[in-house]
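Accompanying notes for the structure given below.
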Amino acid sequence: MNGAVSMATTSQAYLQGKQVTESRALVAELCRHFYSLGWVSGTGGSITLKVHDESIPKPQQIIVMSPSGVQKERMVPEDMYVLSSTGSVLSTPTLKPYPQKPPKCTDCAPLFMKAYQMRNAGAVIHSHGMESCIVTMINPNAKEFRITHMEMIKGIQGHGYHDDLVVPIVENTAHEGELTDSLAEAIKAYPKTTAVLVRNHGIYIWGDSWINAKTQAECYHYLFEAAIKLYQLGLDWSTPTHGPIQSVNKLHYDNSNVKTRATTGGNGADTPHRCVVLDIEGTTTPITFVTEVLFPYARDNVRKHLTATYDTQQTKDDIKLLRAQVESDLKGVVGALPIAPDEAGKEEVIDSLVANVEAMIKADRKITSLKELQGHIWRTGFENNELKAIVFEDVPQALERWTDSGIKVYIYSSGSREAQRLLFGNSIYGDLRKYLCGFFDTTVGNKRETRSYMEIAQSLGVDNPSEILFVTDVFQEAVAAKEAGLEVIISVRPGNAPLPETHEFKTVTSFSEI
């Protein structure tokens, strides 16, 4: 089958067909546009995209790529190279008269191929935009660029306003092709990134399609320019408040030299921590609020919510997740019941969904399908002022103190990211999200698995996992985090489960001790 696809896409008829012709024209048009933005001036920079064809699997779609060393604003469709999915040249531009140079495939080709192969990209943009160079020069030791609480972060795949956007920085080389290995290492080390900065050079950005890549490129350049302007004003772009840059920790996004410090409880020793990751239930919030308020609210309103929103895309997605979970549960989970097919009608489908959801809530299952639905039900409760989140009184002061010290604070909970934002955005102490840089949920992994904390450490981009302090009330979570290299403190709050007598973790009864 793969051989047949390969033969079809490399035939002369296909190369001269509508899809390839339109893709060539699109690349030329985009290069002219990017030239006007200053991204591809002086023949620098490049763009490539896959020829979209629904009949061909994306990894096997052929590639159109702009040439090297040409005036990007004067390119025409005939100037493009066409490559196979593996990178071999299928079609070359025609030679043009002097003073035009002989055609040459871009030196970026090996780097573009890494994004295609490692991230299944649909398009890749290489920009020489000045802001993408200067932002890597503000601190020559920084290994990454970090920014948070900027609206345009929402334009970056997988990120929201409150998230910490992290872009790795690799060192420049004399020849572009020599960057291939370092770019591949950065892509591997930062699994959530959609871009890699090259110091004093530019940036590589990829997306699922040319529209997605272009949108993200515009957002990245905006954020770089914002960081530069904030720096000129003496403001810190990497903290939620964007307050004055602290002289003792001038550039928070630099992970090479300066460390902020948080005192860990127990023995009075100081450990350098750049980030604090907090659990919710039993740590920032009483267990009783979750078990006696949130869970009952979701259980009592699940039928009402599903009935009212049944035809919305969000609820359709929730039902799809629940169907997949129940299909797996039917193989051995007590309380699982088959969900009626859509053909059975709305009422029967909802009846079977309610039965399963109530059983899941009763068993306190930490599964994504349940948490997503609960989050959507709770959102309605918070919006209608039927719910107000309770946090311990020492939490707001600690969040403010850590933030003012340059320490970034994140949440990791089995509740969905949306539910986490709702809770901290609607607390009895007001909106606390201004102190939070990001949210992690079970899409990262189970909270009792070491690899989940390894994933978080990679996402936060620290030099060493020990620079992250994780605070939780659950012994098994503490063990998993410790095995991943994180520093751990166990929160001892009223109503929390007792700890093993032989545990060796530091404990606190209030965040004021941290």
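Positions of Cβ are set from backbone N, Cα and C atoms, glycine also.
These features come from TrEMBL:
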REGION    1-236  region 'Methylthioribulose-1-phosphate dehydratase'
DOMAIN    25-228  domain 'Class II aldolase/adducin N-terminal'
BINDING   Cys108  substrate 1 binding site
BINDING   His126, His128, His201  Zn(2+) binding site
ACT_SITE  Glu151  active site, proton donor/acceptor
REGION    276-514  region 'Enolase-phosphatase E1'
BINDING   Asp279, Glu281, Asp473  Mg(2+) binding site
BINDING   Ser413, Ser414, Lys447  substrate 2 binding site
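Max Cα-Cα distance over the annotated substrate 2 binders (Ser413, Ser414, Lys447) is 8 Å.
Surrounding the centroid of the Cβ atoms of Ser413, Ser414, Lys447, where the record places substrate 2, the chain contributes additional residues within 8 Å, namely Asp279, Ile280, Glu281, Lys366, Tyr412, Gly415, Asp441, Thr442, Glu477. Taking the Cα atom of each, Asp473 (Mg(2+) binding site) and the residue listed as 'substrate 1 binding site' are about 49 angstrom apart.
Neighbour density at the Cβ, taken as the number of other Cβ atoms within 10 Å, is lowest among the recorded positions His128, Glu151, His201, Lys447 for Glu151.
Shown in sequence order, Asp279, Ile280, Glu281, Ala419, Gln420, Phe439, Phe440, Asp441, Lys447 are the residues of the chain, 6+ apart in sequence, with a C-beta less than 8 angstroms from the C-beta of Ser413 (substrate 2 binding site). Using a 10 Å radius centred on the Cβ of Asp279 (Mg(2+) binding site) and all shown protein chains, the other Cβ atoms total 23. The Cβ of Ser414 (substrate 2 binding site) lies under 8 Å from the Cβ of Lys366, Lys371, Asp441, Thr442, Lys447, each of these being in the same chain and 6 or more residues away along the sequence.
Using a 10 Å radius centred on the Cβ of Asp473 (Mg(2+) binding site) and all shown protein chains, the other Cβ atoms total 22. Checked against Cys108 (substrate 1 binding site) by C-alpha proximity, the recorded positions His126, His128, Glu151, His201 yield His126 as the nearest. His128 (Zn(2+) binding site) sits 24 Å from Glu151 (active site, proton donor/acceptor), counting Cα to Cα.
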